[in-house]
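Below is one structure, written out as structure tokens; the observations come after it.
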Amino acid sequence: MRNKKILMVAMAGVIALGSLLAPVGTEKASAANTSSLVAKAKSVLGAPYKWGGTGKGGFDCSGFLNYVFKSQKITLPRTASAMYSKGKPVSRSQLRTGDLVFFKTSSRAAVTHAGMYIGNGKFIHSSSSRGVSISSVNDEYYWGSRYVGAKRIVK
């Protein structure tokens, strides 16, 4: 009987430890993380654009999003088009802070650019012309007409 109790306690401990150490999946993050994501993203405002860049020395759009989401232990695919295949589709009218927004900026692929929605019609991203910056999702001169869709990664 004593061995059975020890075994049960040990199994409970292993399960608890495993759940603490398991990486957070893209669908399992708490909505409370969104303010931390925005703070992390804004902490590198003005960082330069660098093709293939994933750090403060320079970011491309997907490298920037990976940098931001990794701070909350959320793993994203490396490219904007691969990110678009993840998460739950969200209509433009239902965007929430932390949602990923996607754009088609050239003819080479259906999705070529991504950013993170931060509220009030704005998103933060790393653009080739301005580096890490904030833009309007509905910008009638550029982003609005190139908008492809959005995905919810953080519940």
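Every residue, even glycine, has its Cβ placed from backbone N, Cα and C.
Per TrEMBL, the feature domain 'NlpC/P60' maps to 31-154. The feature signal peptide is assigned by TrEMBL to 1-22.
Using DSSP to sort the residues of the domain 'NlpC/P60' (31-154) gives these counts of helix, strand and coil: 31 helix, 38 strand, 55 coil. Confidence annotation: the domain 'NlpC/P60' (31-154) carries a mean pLDDT of 95 in the model.
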